[in-house]
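**Student:** My questions will all concern the structure given below.
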Amino acid sequence: MKISVIGCGYLGAVHAAALSSLGHTVTGIDTDPARAAQLAAGSAPFHEPGLEPLLQGGLRDGTLHFTPDPAAAAGADVHFLCVGTPQEKTTRRADLGYLTSAVEDLAAHLRPGSTVVGKSTVPAGTSAILTRLLAGTGADLGWNPEFLRQGTAVSDSLQPDRLVYGVPDGTAGAQVARVLDEVYAPLLHDGVPRLITGLATAELTKSAANAFLALKISYLNGIAELCENAGGDVVHLAQALGLDARIGPRYLQAGAGFGGGCLPKDIRALQAQAEDAGAGSLGRLLALVDTLNTETRHRIHESARQMCGGQLAGRRITVLGAAFKPDTDDIRDSPALDIALRLAGSGAVVTVTDPRAAGQPWFRYPELRFEPETAAALRGAELTVLLTEWAEYLALDPRGVSSLVDRCAVLDGRNALDAAAWRAAGWFHRGIGRGRRAGLSTIDAAHSGVGS
Ligand SMILES: NC(=O)c1ccc[n+]([C@@H]2O[C@H](COP(=O)([O-])OP(=O)(O)OC[C@H]3O[C@@H](n4cnc5c(N)ncnc54)[C@H](O)[C@@H]3O)[C@@H](O)[C@H]2O)c1
Ligand SMILES: O=c1ccn([C@@H]2O[C@H](COP(=O)(O)OP(=O)(O)O[C@H]3O[C@H](CO)[C@@H](O)[C@H](O)[C@H]3O)[C@@H](O)[C@H]2O)c(=O)[nH]1
């Protein structure tokens, strides 16, 4: 099939490359000419494992193209809408401006009988707005929300847990479902389940899924606080919960909480929708999930303060990780970045390191020093705070790095380090929700690094 993908960011670039690998001829359109040119040269504009080989394969075979020209959508059978739906600047709602403007541009290039499919995350009712913008084009509209995660986006796209098609009523709906079945034929052949729903249900399914994940994480972070105050260990507790088949083991990792370009903005947009639609209790629940997440960041800041003897001013702190999760360079609403800024705001001298985020605009954060090399970042640290659990940080040899730091004190903000190994190497190690809070002045009690 001939397919256009409109918006080639974290979602669209992967979707375009994945569709070309499924045998379609795909044109990716992005209004950012630099992004379109980079993709056309076979280079991913962000770190996403497995994306570049997929891009280069499609470009080499001539089944994948990228351009900033909206007119290049003309002639395609299917058009996927993958533009951003960020939080509005002054409200909690999703800003649908990129989407409406993309559809207005697209309308001029549609041929009757073609299909427009939304993939962006949107509030219920968005399809109805876009259907009005498409009136007179002869195109049908469907909604096929995307559930990929950054860091595993390629495999999530090619082996998704499920496909959801939101379709309009009547013959148009049957036609949209037929078209999507053709788009995803190889995945359906592999047995991926697909559900056909109404448009509003498909729109809501995506927001409800993200909100549920956020709720699970915040719940565990709330339990982590309780463990800290009451003397439990949230890691063991989560293992015990996860073995209950009704709960499952995933998204139970307590720590610095959720961030990124999706979960935070999506729970806020769902909260706004719930309030607008008279589902006030759901709105309050989602507001609380958001508050718990913010409090989690605050508690890590306070733990760092405690580990520094109650005073952060002038303390040299190294933050391991800047991305909102490992295997991505994305720092949008990153807990690691937020906590680093809070520490700097309290007067600490903060060095941030991350294996992939060196290309981010660090000049916007003059209060932080970014150092791409882990060893250089650790040199002279009085406190080390792990906030993004990159594999390279989990593989650090605590004995080896103790000679770099001034104080062997580590705050494991993701409960991801081998606490026993770090303690055995002479480090003062503290996790999140793992027993009662330690007393003050712990940094002074921590072993001095060999080099200090
Ligand atoms: N990031 C993810 O992992 C992910 C996963 C599933 C769903 N989503 C949803 O997908 C949507 C996109 O998210 P993203 O993270 O890829 O955003 P992004 O900001 O990385 O990408 C959006 C892209 O759209 C381009 N764009 C804006 N207006 C355009 C137009 N009129 N025509 C063509 N291109 C245009 C921008 O230049 C940008 O490159 C959001 O609704 C998001 O919630 C994201
Ligand atoms: O047990 C856990 C699991 C995750 N996180 C954090 O939660 C955030 C989100 O993680 P993840 O869901 O893996 O990443 P995203 O790429 O943001 O993916 C989410 O958002 C996407 C965009 O909407 C959806 O498509 C995905 O299905 C949904 O998982 C990150 O900050 C993680 O560190 C935790 O704190 N504890």
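Just so it is clear, glycine is given a Cβ too, placed from its N, Cα and C backbone atoms.
From TrEMBL, here are the annotated features:
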- CYS262: active site, nucleophile (ACT_SITE)
- ASP30, ARG35, THR85, THR121, LYS265, ARG332: NAD(+) binding site (BINDING)
- LYS206, TYR251, LEU252, GLN253, ALA254, GLY255, GLY259, LYS325: substrate binding site (BINDING)
- 318-419: domain 'UDP-glucose/GDP-mannose dehydrogenase C-terminal' (DOMAIN)
**Student:** Is any of ASP30, ARG35, THR85, THR121, LEU252, CYS262 (recorded positions) within Cβ reach of ligand 1, i.e. under 6 A, and which?
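**Tutor:** Correct list: ASP30, ARG35, THR85, THR121, CYS262.
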**Student:** How many whole Å apart are the CA atoms of ALA254 (substrate binding site) and ASP30 (NAD(+) binding site)?
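**Tutor:** Between the alpha carbons of ALA254 (substrate binding site) and ASP30 (NAD(+) binding site) there are 37 Å.
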**Student:** State the Cα to Cα distance, in Å, between GLY255 (substrate binding site) and ARG35 (NAD(+) binding site), rounded to an integer.
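**Tutor:** Cα of GLY255 (substrate binding site) to Cα of ARG35 (NAD(+) binding site) measures 34 Å after rounding.
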**Student:** Please spell out the DSSP helix, strand and coil residue counts for the domain 'UDP-glucose/GDP-mannose dehydrogenase C-terminal' (318-419).
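**Tutor:** For the domain 'UDP-glucose/GDP-mannose dehydrogenase C-terminal' (318-419), the helix, strand and coil counts are 32 helix, 20 strand, 50 coil.
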**Student:** So if I draw a 10 Å sphere around the Cβ of THR121 (NAD(+) binding site), how many other Cβ atoms end up inside it?
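**Tutor:** Summing over all protein chains shown, THR121 (NAD(+) binding site) has 24 other Cβ atoms within 10 Å.
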**Student:** Scan ASP30, ARG35, THR85, LYS206, GLY259, CYS262 for recorded positions whose C-beta lands under 6 Å from an atom of ligand 2 and note them, or write none.
**Tutor:** GLY259, CYS262
**Student:** Let me check the 10 A CB neighbour count of LYS265 (NAD(+) binding site). How many other CB atoms are there?
**Tutor:** 23
**Student:** Give me the CA-CA distance between LYS325 (substrate binding site) and ARG332 (NAD(+) binding site), in Å, as a whole number.
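**Tutor:** Their Cα atoms are separated by 10 Å.
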**Student:** Would you mind reading off the Cα separation of ARG35 (NAD(+) binding site) from GLN253 (substrate binding site), to the nearest angstrom?
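**Tutor:** It is 34 Å, counting Cα to Cα.
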**Student:** Using Cα coordinates, what distance in whole Å links GLY259 (substrate binding site) and THR85 (NAD(+) binding site)?
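**Tutor:** So the alpha carbons of GLY259 (substrate binding site) and THR85 (NAD(+) binding site) sit roughly 16 Å from each other.
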**Student:** Going by Cα-Cα distance, pick out whichever of the recorded positions THR85, THR121, CYS262, ARG332 is nearest to LEU252 (substrate binding site).
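**Tutor:** Result: the closest of the recorded positions to LEU252 (substrate binding site) is CYS262.
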**Student:** Sorted by position, what residues of the same chain at least six away from GLN253 (substrate binding site) have a C-beta under 8 A from it?
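**Tutor:** Those within reach of GLN253 (substrate binding site), by Cβ under 8 Å and sequence separation of 6 or more, are ILE217, LEU220, ALA238, ARG414, ASN415.
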**Student:** Using C-alpha positions only, work out which of the recorded positions LYS206, TYR251, CYS262 is nearest to THR85 (NAD(+) binding site).
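**Tutor:** Comparing Cα positions, the candidate nearest THR85 (NAD(+) binding site) turns out to be CYS262.
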**Student:** List the same-chain residues at least 6 positions away in sequence whose Cβ sits under 8 Å from the Cβ of LYS206 (substrate binding site), in sequence order, or say none.
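**Tutor:** Correct list: THR121, VAL122, PRO145, GLU146, PHE147, VAL164, ASP266.
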